[in-house]
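Colleague: So that we are looking at the same thing, I have put the structure below in C-alpha cells.
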Amino acid sequence: MEDLTNYGAFNQFRDDRPYTFDRFVRLLLSIAIFAAIITVLRSLSGVLIPFFIALLLAYLSEPLVAFAQEKLRVRHRGIAVFITMAFFILVFSALMWWLFPTFIAEFKKLTELLRDFFQTSHFRDLIPEKVQLWCTDFFANVNVQEFISAETISEAASILYAALKSVLAGGMSIIAAVIGALIVLLYLFFILLDYQKIESEWRGLITEKHRPLISAIVEDLKNSMKVYFRAQFTIAMIVGILMSIGFSIIKLPIPVTFGLFIGLLNIVPYLQIVGFIPALFLAMLKSMESDQTFIEVALLILLVMGLVQVIQETILIPRIMGKAYNMNPALILLSLSIWGSLMGVIGLVLALPLTTVILSYYKQLIINKNRVVPQGPEPGPDFTSQTDRPVEEDLP
C-alpha cells in the first residue's frame, strides 16, 4: 500500500489551520455535493448496476483476453474478446447441462415422496385430533349452495385475478432478467474491446492536482482486488469440494451440486450460512426416504458444515488469504451490510477490498497527523567531489 501522505492533495485532509466561517461553508458544500452524488447514483442504480457488473467482469476477464492474444497468437483484440466470452458461455452452459437434469430428477423424487407422505397415516398423526374433528364436521355440514353466490364468485374471481397477475409478474421478471443479462454481455464486450485504451487514458479525465492521489488509490484498489479474488476463489473452490465430499459421506441428496453451491456462496464472507436453509429442506427429503429422523440428518449436515468452517478458518484463510484481510468479523459483517446496501451484489463482492483500502488510508491520516510531511522531494546526498567545488580563500 502506497503512502499517500507524500501527495499534497492528501495533506489537505490533515490541514491544521483553524476552521473559519468560509472553511466551514466550503465543508458543508462539499458534504452536500457528496450527498447529492450518492442520491443520484441510488436513483440510477437500476441503470448503473449492469454497467458496474460488466466492469467487474471485464476486470476479471482481462487476463484471459491477454492470454488469448499472447499465448494463442490472436492478433485482433475483438476476436480475442469473442473467444473469451464464448469460453465463459460454454462453461456456464456445460454446468447448466450437467446440473439441470439432476435438479429435475430430485424435484420429481421430492413430489413423489411428498405425495406418499400425505397419503399415509404418518401425516394424520402429526395433526391434532381436535383439528381433525373440526375438519370432519365442517365438510360434513357444509352447504354447497352457500358458496355458489354472486359474492363468493366475485371473491373467487378477484383471487384468480391476483394469482394470474402474480404469474404474469413472475414471467415479466424472468424476461427482465434475461434482458438484463444481455445488456451486461453487451457492456462487457465493448468494455473489453477498449479495456487497454480505457486503462491508459482514464487518468486524463482527472485534474492534474488530484491525479496522483486518485491514481494511487485506484492502483491500491486494483492490487487489493487482485489479492482478494485470487485467494477467495481458491478458498471457495476448496470449500465446495470439501462440502461435496462431506455431503456424499452422509448420503445427502444432490451432494455435489449442493456442495458446490455452498462453495459459490463462500465468495462473499459468511454468506455460506444462508446455505443452511436449503440444507434443512434436503434434510427433510433425506428423512422421508430413509429411517433417519429429520433431527439426525440436520445434525449431520450441521456437523459437516461446521467441520469445513473450522478447516476454512484455521487452515485455508491463514495460509491462502494471509494477513491481508485480517479484520474483525463484526467489522466484516458491518462492511458487507454497508456496501451491500449501497451497491447491491457488487457491494457484497467488493466489500472487503474497498474497506481494506479505506481503513489503510484512514490509518495513514490518523497515525501521520502530527508528523511533518515534506511538500517537495527531500534533498539528496551531495555527490560533488572536493575538486569540483569552488575553492574558498583561507581566512587570515
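Glycine is treated like the rest: Cβ placed from N, Cα and C.
I grabbed these lines from TrEMBL:
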type	residues	note
REGION	376-396	region 'Disordered'
TRANSMEM	24-41	transmembrane segment
TRANSMEM	47-67	transmembrane segment
TRANSMEM	79-100	transmembrane segment
TRANSMEM	167-193	transmembrane segment
TRANSMEM	227-250	transmembrane segment
TRANSMEM	256-282	transmembrane segment
TRANSMEM	294-311	transmembrane segment
TRANSMEM	331-362	transmembrane segment
Colleague: Restricting to CB pairs under 8 Å, which listed stretch, 24-41, 79-100, 227-250, 294-311, is in contact most with the transmembrane segment (256-282)?
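Modeller: Per the Cβ count, the answer is 227-250.
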Colleague: Determine which residues of the chain contact the transmembrane segment (294-311) at the Cβ level, with the cut-off under 8 Å and only residues 6 or more beyond its ends counted.
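Modeller: Sequence-remote neighbours of the transmembrane segment (294-311) are 239, 242-243, 246-247, 249-250, 252, 262, 272, 275-276, 279-280, 282-284, 286-287.
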